[in-house]
Amino acid sequence: MVALSTLSGLSALPFLFSLVQNVYGVSLEVSTEKGNSSSPILYGFMFEDINHSGDGGIYGQLLRNNGLQGSKPGLTAWAAVGDATIAVDAQNPLTEAIPHSLKLDVKQGASGAVGFTNEGYWGVPVDGSEFLNTFWIKGNFSGDITVRLVGNNTGTEYGSTKISQSSNSSNFTKVLAKIPTKKAPDGAVLYELTVDGASVGGSSLNFGLFELFPQTYKSRSNGLKPQVAQPLADMKGSFLRFPGGNNLEGASEARRWKWNETIGPVENRPGRQGDWSYYNTDGLGLDEYFYWCEDMGLTPVLGVWAGFALESGGNTPITGDALKPYIDDVLNELEYVLGDASTKYGSLRASYGRKEPWKLTMVEIGNEDMLGGGCESYVERFTAFYDAIHAAYPDLTIIASTDQSSCLPSKLPEGAWVDYHNYNTADNLVKQFSQFDNKDRSVPYFIGEYSCQQDNAWPFMQGSVAEAVYMIGIERNSDVVKMAAYAPLLQLVNSTQWTPNLIAFTQNPSTVIETTSYYVQQMFSVNRGDTIHNVTSDSAFGPVYWVASSADDKYYVKLANYGADTQEITVTISGKTGGKLTVLADSDPKAFNSDTQTLVTPSESDVKATNGKFTFTLPAWSVGVLAAH
């Protein structure tokens, strides 16, 4: 279906041209004989904290620079209110992990409200749920603390609470408050904390580690932001690869993602300098990733650090005996995840509230070790990690971070997988349609990252159709391609390090941008069979591509029209009488959805078959899914 909003922006000539497009036809007959089994976990997610996809994104905590973490945090996002000043204070650390606090100095003779604001991650999304606010206070104080969520430009109050509190100058006291809210029309909202200036004039107070959460996805403590989590849940993916990606590797050994610094109370998590320009709080840590998987029914794919930092940073790659402490660290991590409560690290997990071990079946060793000087040493490093992990956990599927044979042992251990990444232009993705047709079936593939990349800020129609063509090729070979994930996954529009991305968002609580590629991924993931069927056709592949599958008594035929002409499609499936047709299309191959426009969305229609024959139109530049019953 061509979106009307797209047509309204076209000149008369292209519009008339679209009315006289050539119409071609393709006839397909789907065999009811079962073919290859299709991977049950084919479609899923790759996540790392890039584009503020974690902090400021799917992680529910809404205040930026909330713990003043890092060696020189500064006052980013903070501002003083009233007759007071604020400063970063290293003399009054909250904990060893949170070495700074926010010092509020109130002027002698102050009056009225004094305190500070936090602007969040380019705004605070107030969605109308009950918010939970925690912070720590130190200093001689007894009185009321007022917390408000207030329009930055309008002064409109979207939530407030008053807390009667006392504290002393010897220790930090934790404060917890619930804030009823009403939904804000945009993200231009500030968090504001004030006290009565007259009662504290000429004195100072210290505040530490602020947290502000809306009602989280599945009501998890320290959980996910529903605004961002729900579109992912709607995709019905099957796996989550975490924590990266480049953000696993770090710029050096010291700056790698350290699992043991992402667990337990958040006041004991120091965070780290992330690999995409900003500091990571690590509030979204190891356990939170597993809760995410549990709440969305996702198979976890845990990436572990493998002795190599980005571009051979620091003293990496690490080889030989020097690698042993890092192998031991991974074994400790796996005991934390999989060990029962009687083990050292399993008991630590239990002490943090999770008695039962997590469900983990897949571990990936490193990330893109074919790049940046990692290839030559990866044979040794992969083998060392593989041998240790496999000896301790023989049932785990272990994935190499590359498929390049020059970086891998001459013979991979039986059961090991390889990870292949493919960022490419639209035309090249289409050319790779048959890439896996003749692959060795003894080595399973994980396509850990792929998308159309050609200097496009947003996924666009031609690129998304090309991705669909590539995905059809993957699904036809889903006996050997076990998993595939579009990347990157998420993007805060205000702070972007990589484009395009699958889902974008702002801090307007109503704004989530579901891109053309998002809809393709959703259409393919939701309509999934467990068996691939042979299809006979009167046409060769191109510009129309197809794959057929089934689950129980339902058949799915996925199609892509990578061209400017309309295609009349006939699909015959013996015994089927009806179904649902979902089509994503736009006659403009450059059409895209963004934070300022939504031009392309799928259309759904009921279709009937005559003697098992379905007939329908596949417009120019389109992706279609027929779910037949």
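Glycine too: its Cβ is placed from the backbone N, Cα and C atoms.
These numbers come from a predicted model, not from an experiment.
Copied from Swiss-Prot, the annotated features are:
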| type | residues | note |
| --- | --- | --- |
| SIGNAL | 1-25 | signal peptide |
| CARBOHYD | N36 | N-linked glycosylation site |
| CARBOHYD | N51 | N-linked glycosylation site |
| CARBOHYD | N140 | N-linked glycosylation site |
| CARBOHYD | N152 | N-linked glycosylation site |
| CARBOHYD | N168 | N-linked glycosylation site |
| CARBOHYD | N171 | N-linked glycosylation site |
| CARBOHYD | N260 | N-linked glycosylation site |
| CARBOHYD | N494 | N-linked glycosylation site |
| CARBOHYD | N534 | N-linked glycosylation site |
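Listed glycosylation sites near N494 (N-linked glycosylation site): N51 (candidates N36, N51, N152, N168, N171, N260; Cα-Cα distance within 10 Å). The glycosylation sites shown are N140, N168, N171, N260, N534; of these, the one with its CA atom nearest the CA of N51 (N-linked glycosylation site) is N260. Here the C-alpha separation of N534 (N-linked glycosylation site) and N140 (N-linked glycosylation site) works out to 77 Å. Counting every protein chain shown, 13 other Cβ atoms lie within 10 Å of the Cβ of N140 (N-linked glycosylation site). Spatially, by CA atoms, the glycosylation sites N140, N168, N171, N260 include one closest to N36 (N-linked glycosylation site), and that is N260. Around the Cβ of N168 (N-linked glycosylation site), the same chain contributes K138, G139, N140, each under 8 angstroms and 6 or more positions distant in sequence.
A Cα-Cα distance of 38 Å separates N152 (N-linked glycosylation site) from N260 (N-linked glycosylation site).
The separation of N171 (N-linked glycosylation site) from N260 (N-linked glycosylation site), Cα to Cα, is 26 Å. Looking only at other Cβ atoms within 10 Å, the busiest spot among the glycosylation sites N51, N171, N494 turns out to be N51.
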